[in-house]
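A short write-up of the structure that comes next.
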Amino acid sequence: MSHEEDLIDYSDEELQTTDAAATTAAPAANGAPAKTGDLTVTGGRSDKKGSYVGIHSTGFRDFLLKGELLRAITDCGFEHPSEVCIPTAILNVDVLCQAKSGLGKTAVFVLTTLHQLEPVPGECSVLVMCHTRELAYQIKNEYARFSKYLPDVKTAVFYGGTPIQKDIEVLSNKESYPNIVVGTPGRLNALVREKKLSLRNVKAFVLDECDKMLDQIDMRRDVQEIFRATPADKQVMMFSATLSQEIRPICKKFMRNPLEVYVDDDTKLTLHGLQQYYIKLSESEKNRKLNDLLDNLEFNQVIIFVKSTQRANELDKLLRECNFPSIAVHSGVSQEERIKRYKEFKEFNKRICVATDVFGRGIDIERINLAINYDLPADADSYLHRVGRAGRFGTKGLSISFVSSEDDEKVLKDIEKRFEVALPEYPEGGVDSSTYMA
């Protein structure tokens, strides 16, 4: 890619997760284990336990959100309950939140920061960082959705793989200077170092999928440098679907007396409404089996995960030769093309996406209801993030994982142990589509 010299780019290989130890949930206030569906909050204050928070606009009204936000929420048609705690964040305390995929973590910080924001022209008040360009682009779009009735709020997204000069032009113009900045650490740090992006007025510092950024030394270094460029007096919020015991102390170093919010028992971070199966087969049988599944299963959109960019390209080519309308998304594709393909898939112009783990976290495409692990991931947490692409926000979905080696069988056992579930073998007669089609 061009313009790589001025940024740190993160490839799929660098996105390999570290082997995280299984975590356990914080106990409820009365000392009893938190039940499934409970929200457990721990922190410097006395422990609190809440439960489901309504996502109807009437539920949001209880939080005393701005009227402009309530109108946008109504327009978005939110109907499902969310277990993630919005009132906690609105109290302007630091928050460390773990909640499984699809439970509306993004909405928590987007709504909280928009509610608290008093935009000043030419000042950045909110900084949101995430580890991939696609996720940054998506978060920026969420801000656009919810700020539609807040015309004075300006949002911009900055990430690697695009000319940095375009970002500098946005930041050089007071009319376009963003109040909310979303981006990846490498590009943001380059802009801060060049003194093009001033963070001296930041009031909210947010890390989405925080464990991914703080797990990797290079990315953590960028985050730390950016953090040091912000004021001491600010709210820090961090979110992820997986927070190991090892990463939590690292997160807390950025915070002051944070409230820790854990939705559901850590070991039971399964996805309600998502059916999960595996198929044992040899490597040479994968293509035929995939073809059969795509022919016989009903689905709105499917995401197929592979372990490398080369395999993504090869499988995408094969699918298109078999007349399946697919696209491939991975770090080997230019940034402009990746965003173009992401939009094609998001807008339902393509129904099949072949992807590496670069697409495995946080990406929210509501029509995906089938996830296939053509190659099983290396660890249980990556599995959770991948299959979480189907069955977002408590909707129905189906995931099927190919198991073709001893290593795969070991990962399968780790998944079952980590999340205390028994994954059944995919039935010979298939699955009734009414059980996973909304």
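Placement of Cβ uses the backbone N, Cα and C atoms for every residue, glycine included.
Here Swiss-Prot flags Ala99, Lys100, Ser101, Gly102, Leu103, Gly104, Lys105, Thr106 as ATP binding site, drawing on sequence analysis. Under the DSSP three-state reduction, Ala99 (ATP binding site) is assigned to coil, being neither helix nor strand.
The compositional bias 'Low complexity' annotation in Swiss-Prot covers 23-36.
What Swiss-Prot lists as domain 'Helicase ATP-binding' is 86-261.
Under the heading domain 'Helicase C-terminal', Swiss-Prot lists 289-434, citing sequence analysis as support. Confidence across the domain 'Helicase C-terminal' (289-434), taken as the mean pLDDT and rounded to a whole number, stands at 86.
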Counts of helix, strand and coil residues, the domain 'Helicase C-terminal' (289-434), according to DSSP: 63 helix, 27 strand, 56 coil
